[in-house]
Amino acid sequence: MHKKTTYLIPYMLWIGLFVIAPMALILYQSFFNISGHFTMGNYEQYLTNGVYLKMTFNSILYALIITMSTLLISYPTALLLNRLKNKQFWLLLVILPTWINLLLKTYAFIGLFSQNGSVNDFLRFVGVGSHQILFTDASFIFVAAYIEIPFMILPIFNSLAELNPSMINASRDLGANSWQTFRRVILPLTMPGVKAGFQAIFIPSLSLFMITRLIGGNRVITLGTAIEEHFLVTQNWGMGSTIGVVLILAMFVVMYLTRDRKAKGGRIQ
Amino acid sequence: MKKWHISNLYLIFVFLVLYLPIIYLIFYSFNAGDTMDHFSGFSWRHYGTLLSDSRMISIVLNTLIIALLSSLIATIVGTLGALGIYSTKKAAVKNGLLSLNNVLMVSPDVIIGASFLIFFTFLGFSLGFGSVLLSHIAFSIPIVVLMVLPKINELPATMVDAAYDLGATTWQTLTKVILPAITPGIFAGFFMAFTYSLDDFAVTFFVTGNGFSTLSVEIYSRARQGVDLEVNALSTLMFIVSLLLVVGYYLLGRYNQSRRMQRVKAAEAKINQ
Amino acid sequence: MKKLMMVIALVLFICGALGGINYSMNARTSTSGSKTLNIYNWGDYIDPALITKFEHETGYHVVYETFDSNEAMLTKIKQGGTSYDLTVPSDYTVQRMRRANLLEKVDKSKLPALKNIDSRFMNLSFDPHNSYSVPYFWGTLGIVYNDRYVKAEQVQHWDQLWNPAFKQQIILTDSARDMLGVALITQGKSVNATNTNDLRAANNKLKKLMPNTKAVVDDEIKMYMEQNEAAIAVTYSGEAAEMMGNNSHLHYVVPSEGSNMWFDNWVIPKTAKHKKAAYAFLNFMLQPKNAAKNAEYIGYATPNKVAMKYLPNKVTSNAEFYPSDKVTKNLQVYKDLPLRVIGEYNDLFLEFKMTK
């Protein structure tokens, strides 16, 4: 394993062709305005025009809320799933819904949430009366979290499954109660899974687009919506790329903040 | 048998929410009417339309081929990549590789699609099956790496060293020690890659051409006129097939397990004799 | 390791089997000859029965691919790598494609059936001599309202949308040109205004519409209105016709002070490889009976005046969808504006959507 590196060739080729090349292309394009002239104007507009800064702030806020609510739902789920017999089977059942087309599921949510939808029927039945559910922040966050939940459960579940049961037993034997065991043993040891889930959800949440329109009614504009518009509608690829560069930078920041600290300075054990 | 926990209620609730929209879709696939907001009676009508729609069936087959093939290749490349990242000694290089790995995971699909399109046209690559397959492989590799890498990291370093000390070659260590230990991660990576591929719309839309289409692209362009319940019927069928596969996988696993248990018991009986 | 190898073999086998099924299925449906025609059209924007009929009559095999916006289609064609024989841009996109030199000139001598098109819809500003485009469908931008919540006289003019009584009741279409166009019309300006001050003023007016705005969406307007999710929507006539077919409480109004008139048109991209087939298809679609069948399936207004005879009277006599000359006089067609101005429209509209 130490000597041979030929097996790395396909992976390196992939990094070169499909990661670095497109990234360079995006960076290159971010310096051109809509008429194809070289300019720093896109960055200037991004930083000085309040619209984009506000959008960035909103996106980060929503992405944080979405990631946190996903985490809050997913962690206990992964914990409980892990205790079940045939847990791999139940995990597959968690992933299964993601195989149904996203747009279709979104349309199903529209049907559930609309004025005459099932949820409002239920509310009327209970006597609470109907409410406007679609096009609200709450419904947007709910659907976004719904989409992301399997992608959060999976890494947490994996790190829980890897957990050495003797650790937990040892903790119990040493007199720790369930809460202490969870707080001092299980949680720290599953942090890599939580971090992986965070990475897999936070940045994509910054760039959600379709459900911002379908469920959020475009009352929520994220960076993703803006990129989508600049690439597909307004054809202003320069500005779209500029926001893309911002997203890539944001990703590096998130990666840095959630990095595996153990890796630094060798293994401390 | 385990005792019934009150906490199972929580799990039931989570599963209920996860499956709620799917149940809704399936329910309306049997609607005699044409929309998803009013159920006007039971009918197999939309299944009939689906089965006679050869264009749709052909697209489904295309979609499955792309998903299976791309996730297979992505899994192989990604696993090799994860091994490579693991064996990197310098922390800075490792982190750099990991960051590059994650770029595609976190880039918005529209950007990925647009930049791949420019890239393919720059190379003079004709758009169609090949370009879609390559793109799907490309955006699935990072998730495979993310699924496999933790498993490799959890390998006790002593195990690999022991293999070398006992005179195993690199290839032997890889196939006899490392791969068996990380197989669950590889499978998880394959499944996630498959999921990403099935779900992708934006990237495929940009890089497809010459009459080649996948299910998501077709659904998105049809949705302009409101979702066709034929698509619900299709999703129902696909859902049932995947459910059967999952249950089959589960039963197979149980069968193997019980056989193993029997073998163990038989062996024990022999010893006790 | 054995397990992994087995899985790889299994996946490859399944792929092979699926590919085999797919191949044999396509071999059965397509005619053996290599006469094909590649059409790139909006999703669900043609009666599939007509494609089958065309294949039977002429022996061509039609390869049909779909897109969901003018701009997405334009991107694909501009980048090359594809060779579509026919596609369907809207008016301003025809102009843009023409300028970008992406379109083949239409040889009218090969299109005898072009005479069936109403002269009102020929020689329009986006293509003055119809040298590049053949009209497919046309329509207007207007107001759809639900008579359960709104009275007809409340929504006859654009200005009435600003009525405080409609708080959180209106769904707008997610298009910078359309919405700023509405605001421009209320201020007596052209929908093709390029003056920055005019645009700013229009956007300021539009921002005041935000309290009444429930959502800013695209094609989904149809579904929301059919499900009584909102009382009022700003949308296109074609969409409106479909909604009204599914919900009898909905009605459509084209404000008399003016609105946008749009056209979707067939064009032949420069990269086309089967031009003969393209002309055969255009002639086929221009035949009155086929055009009428298509118009009935899609529900949009056809520019084919001979085809009108084959349409039910209740469709053609509907003044909202086939407006009289007097109404059409006030309707304006979008021109392709300079990129700088389009950028300005889009920035302003983004700003509008960001206002809470």
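Any Cβ shown, glycine's included, is placed from N, Cα and C.
No curator has checked TrEMBL annotations; they are predicted automatically.
Note that the coordinates shown come from a computational prediction; the quantities given were computed from them, not determined experimentally.
Database features, via TrEMBL:
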- B:60-249: domain 'ABC transmembrane type-1' (DOMAIN)
- B:9-30: transmembrane segment (TRANSMEM)
- B:59-86: transmembrane segment (TRANSMEM)
- B:98-123: transmembrane segment (TRANSMEM)
- B:129-149: transmembrane segment (TRANSMEM)
- B:177-198: transmembrane segment (TRANSMEM)
- B:233-252: transmembrane segment (TRANSMEM)
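The listed stretches are B:98-123, B:177-198, B:233-252; of these, B:233-252 has the most Cβ pairs under 8 Å to the transmembrane segment (B:9-30). In terms of C-beta pairs under 8 Å, the stretch of B:98-123, B:177-198, B:233-252 lying closest in packing to the transmembrane segment (B:59-86) is B:177-198. Sequence-distant contacts of the transmembrane segment (B:177-198) (same chain, at least 6 residues past either end, Cβ-Cβ under 8 Å): 63, 66-68, 70-72, 74-75, 78-79, 83, 136, 139-141, 143-152, 155, 159-160, 163, 168, 215-216. The transmembrane segment (B:129-149) and the transmembrane segment (B:98-123) are in contact, since at least 3 Cβ pairs between them lie under 8 Å (pairs 6 or more apart in sequence).
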